[in-house]
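Okay, so here's the structure we're looking at.
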Amino acid sequence: MDFYYLPGSAPCRAVQMTAAAVGVELNLKLTDLMKGEHMKPEFLKINPQHCIPTLVDNGFALWESRAICTYLAEKYGKDDKLYPKDPQKRAVVNQRMYFDMGTLYQRFADYYYPQIFAKQPANPENEQKMKDAVGFLNSFLDGHKYVAGDSLTIADLSILATISTYDVAGFDLAKYQHVAAWYENIRKEAPGAAINQAGIEEFKKYFEK
């Protein structure tokens with residue numbers, strides 16, 4: 001199973017943790033966006049959207065990390081704990097995944113990426129939106145050990161990849177009691193946690209320049 005990725009990428013790390021959780025071995029194919037490797041004709045044949053992560057499972061190509069995570073959990077999961085079959089439980093997992101994609105991760109990117117990649121000054125409005133997003137997550141976790149209920153799901157893995165990226169960026173998670181407690185636990189409990197840690201160390205370099 002080929003996996004086109006960058007180790008520092010939060011979406012890529014989410015997939016790697018999910019693969020670890022279901023016991024799938026990935027054939028890692030480092031894809032350097034800075035060198036334009038995602039624009040090579042052979043990669044465009046696989047993924048015309050030319051983005052990572054991209055998974056190829058016996059000829060079946062899929063991209064968008066959360067779609068890949070649900071695919072791996074459904075096809076290779078030994079049970080439905082990671083991605084429950086119960087419609088309401090699954091709906092909550094989906095909501096958290098979409099929240100991560102559209103709000104939590106997106107607002108991190110909106111605030112930090114212009115500073116990192118375009119050397120622009122910090123935008124206070126985007127900073128507040130980012131803080132609001134972590135506040136929403138804090139509310140979700142009030143009274144719960146995991147982000148989508150009472151057991152670890154792929155939503156925890158996806159959001160761990162994002163929140164650990166917040167952490168290495170220097171965002172103060174201590175102000176969000178439930179997020180901080182969840183993060184302290186999940187970074188030890190999550191399958192593939194060591195892979196995630198190695199990846200965020202790679203991403204951390206962007207904040208040391």
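Glycine is treated like the rest: Cβ placed from N, Cα and C.
Swiss-Prot annotates His50, Cys51, Ile52, Glu64, Ser65, Arg66 as glutathione-binding residues; of Ser9, Ser139, the candidate listed for that same site is Ser9. Around Arg66 (glutathione binding site), the same-chain residues six or more apart in sequence whose CB sits under 8 Å from its CB are Pro11, Ala14, Met97, Tyr98, Asp100, Met101, Ile154, Ser158, listed in sequence order.
Ser65 (glutathione binding site) carries a helical DSSP state (H, G or I).
Same-chain residues at least 6 positions away in sequence with a Cβ under 8 Å from that of Ser65 (glutathione binding site) are, in sequence order, Pro11, Cys12, Ala14, Val15, Pro53, Ser158. Helix first, then strand, then coil: DSSP counts for the domain 'GST N-terminal' (1-80) stand at 37 helix, 16 strand, 27 coil.
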